[in-house]
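According to Swiss-Prot, the protein carries these features:
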type     : residues                      : note
ACT_SITE : 94                            : active site, electrophile
ACT_SITE : 166                           : active site, proton acceptor
BINDING  : 9, 10, 11, 172, 211, 232, 233 : substrate binding site
């Protein structure tokens, strides 16, 4: 049985003071959850959060990584740098990276390969826009996104990735896919994974990343192919994040 994963994506939020308060509040009520938990924080705060989480089972993650190893790539962060801060996870291909920074399926695949080669666990994000969903293109668009990654990685690396389905139309809009709508896409993704490596496909965790909140987490997480959540806004509020963790 797949152990669920709840990963908080802080996006471009936080401060030294706010981070310390948030993590202190989470740790105070954390207990011994039945799921894995991670926080993916802005790169400048990795050192601070590594220190704050040193006595916790909460894993540390980054929000992006360079497809390059090192060199003259101003502003980029390499896998080696992330490893120095004990990162376990790294988000690749988030819808905001695709929409605002022009990241292509090919670049996302390259970043995934780079992360895997360094021993990081990439959280590979896929998802469709409202326009694409209304045009009946969900399977086509999301399928292309995941296939670009699957065709680039070795068969025996499949079990080392996490997939996150984030319907773009449900992020920050207040709209949420019904559990059944989300499950339908997760099943499609599982089938794609199965075609790559049948055994590994049963082990890969597929997270839901479309505005999971305390009031919908339990229903979403009850779906057989929803193996956790990639949490945005709710990860910035200790009570909300803890409620989702408990629902998992």
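Cβ atoms here come from the backbone N, Cα and C positions, even for glycine.
Sequence features annotated in Swiss-Prot and their locations in the structure.
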{"residue": "9", "record": "substrate binding site", "Cβ contacts under 8 Å, 6 or more apart": "40, 63, 91, 94, 209, 230, 231, 232, 235"}
{"residue": "10", "record": "substrate binding site", "Cβ contacts under 8 Å, 6 or more apart": "39, 40, 41, 42, 63, 235, 236"}
{"residue": "11", "record": "substrate binding site", "Cβ contacts under 8 Å, 6 or more apart": "42, 63, 96, 232"}
{"residue": "166", "record": "active site, proton acceptor", "Cβ contacts under 8 Å, 6 or more apart": "94, 95, 125, 126, 127, 208, 209, 210, 230"}
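If you count neighbouring Cβ atoms within 10 Å for each of the binding-site residues 232, 233, the highest count belongs to 232.
In this structure, residue 166 (active site, proton acceptor) belongs to neither helix nor strand by DSSP; it is coil.
In the three-state DSSP reading, residue 94 (active site, electrophile) counts as coil.
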